[in-house]
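One structure is given here, and the rest of the page talks about it.
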Amino acid sequence: MPHIRQLCWVSLMCLSSSAFAANVRLQVEGLSGELERNVRAQLSTIQSDEVTPDRRFRARVDDAIREGLKALGYYEPTIDFDLRPPPAKGRQVLLARVSPGEPVRIGGTGVILRGGARTDRDYLDLLKTRPAIGTVLNHGDYDNFKKSLTSVALRKGYFDSEFNKSQLGVALDRHQAFWDIDYNSGERYRFGHVTFEGSQIRDEYLQNLVPFKEGDEYESKDLGELNRRLSATGWFNSVVVAPEFDKARETKVLPLKGVVSPRTENTVETGVGYSTDVGPRVKATWKKPWMNSYGHSLTTSASISAPEQVLDFSYKIPLLKNPLEQYYLVQGGFKRTDLNDTEQDSTTLALSRYWDLSSGWQRAINLRWSLDHFTQGEVTNTTMLLYPGVMISRTRSRGGLMPTWGDSQRYSVDYSNTAWGSDVDFSVIQAQNVWIRTLYDRHRFVMRGNLGWIETGDFDKVPPDLRFFAGGDRSIRGYKYKSISPKDSNGDLKGASKLATGSLEYQYNVTGKWWGAVFVDSGEAVSDIRRSDFKTGAGVGVRWQSPVGPIKLDFAAPIGDKDEHGLQFYIGLGPEL
């Protein structure tokens, strides 16, 4: 019987505690700003069903409040509890009134630097970040300063660094706090020799990818850059370059070991797509990311759509002295076109020399050969061309497949002359620009501009691929693909020797990955600039930020054109830059 009474008493206590927890709400008064936020963070671990008015819970809240205030320099708060009766249809309130009290202030920030840190600019700059004498103590400042010392050590290669002493002393009677840090960075390590394991590429090519010299002072960003450069070659499936610390403790010269695994020798990619310009399209690509120990690579692709069928290849030859940024490219292929008033069979071969600069710009010189049999309107010709050219381009972007910021610029000059066997003299100058900017996350602006100029004495012999046509998705929307150019006496398109088009598009983030768009495109493709024939199209569209890039649907119509009135729609997938 006594055991039964004890069990009943325990059960009543549990029921009573549960009832209180369900009917009591905790409230804290007297704090604001950072003090309030820090205390709330300390109290956030308490669930609403845990709140009770008993002494044990009050002690728990008291400890949490003191910890939150102590971290910000308030060591002697006054905390009073009051259990208030419930308002109408409400719960009881356990009120904690807090007075932070007098804060502890910084009385001194003693930091002694030893080893290489004494003269290292990054460490000396770090000393300037210490709080001023008299500022309120913040434990976070002290902890972050110590973390920064360690961060510099890891970034710059002070791998033997240690704290001889690190103490935060508080004199409560004086309400002052003192930093006492004695830090020895030790000697800075230097890069040693880099060795590679598992590579199918000759070692001398890999060594020329290393962005530092043996004996250079260690920088973690240089190690990261080496990993990036090796991956960027496309030769390897995996890349890991890591320091060998056990071989460097005495000399402080840190050898690196790169473990790589070759990429699959052959890959085949197939795809089916659709764009309004060319309709359904099937494409297959065969890649050999490395063909031999010199790092040569081959890409071959075939693309078939109703107006265009293309078979081409690209053979890349990296240069030993700079395999990633300098290389030769041999390209060739066959293309058949039947679009609007153009019928063309084109065979091409090109040799290009590329330089990828550290500024992001890419330069190239090239020599192209082509044999074209074509009918443009009422003119049929066969033209053989041999012409050199130069090109400079740069693409920058931030924000993934649908950039929030970026630009793409490309400028080129090509020159043909009968003196070396070409069938026609010409000069071609082209410039293409795309700019993307985003304001306040939701407002996105896309601007495009294209300029082109052909100077020749025999335009009829210039192949259609080199002539200019406007209209279509990336030109002037509201008009069909390549439907804008001068016409012959039969009303057939001839192509133009001058091109100028521009586009301004505004996109608004409606929700999540969905964007609405409004745009206006304008420009002309003419052969006589004295007979200007500007065309303008405007419309609206939708953008979806898919995992493989933006998918868009646009509707556009010509503006102020007495001959064109129809509504055009455009579906596309692919990068905007």
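Positions of Cβ are set from backbone N, Cα and C atoms, glycine also.
Marked as domain 'POTRA' by Swiss-Prot on the basis of sequence analysis: 187-263. The annotation signal peptide is assigned in Swiss-Prot to 1-21. The feature transmembrane segment is assigned by Swiss-Prot to 265-276, 297-306, 309-317, 327-336, 361-370, 387-395, 406-415, 428-437, 444-453, 514-523, 536-545, 568-577 (among others).
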Helix, strand and coil residues within the domain 'POTRA' (187-263) as assigned by DSSP: 21 helix, 27 strand, 29 coil
Arithmetic mean of per-residue pLDDT over the domain 'POTRA' (187-263): 96
Residues of the parent chain within Cβ reach of the transmembrane segment (406-415), under 8 Å, 6 or more residues beyond its termini: 368, 387-399, 426-436, 466, 577
Result, the transmembrane segment (428-437) in contact with the transmembrane segment (444-453) (3+ CB pairs under 8 Å): yes
Among 265-276, 327-336, 361-370, 536-545, stretch most in contact with the transmembrane segment (309-317) (C-beta, under 8 angstroms): 327-336
Same-chain residues at least 6 beyond the ends of the transmembrane segment (265-276) whose Cβ lies under 8 Å from its Cβ atoms: 282-290, 472-473, 481, 568-573
Within-chain partners of the transmembrane segment (536-545) [C-beta distance under 8 Å, separation at least 6 from its ends]: 401-402, 476-479, 507, 513-522, 551-561, 568, 570
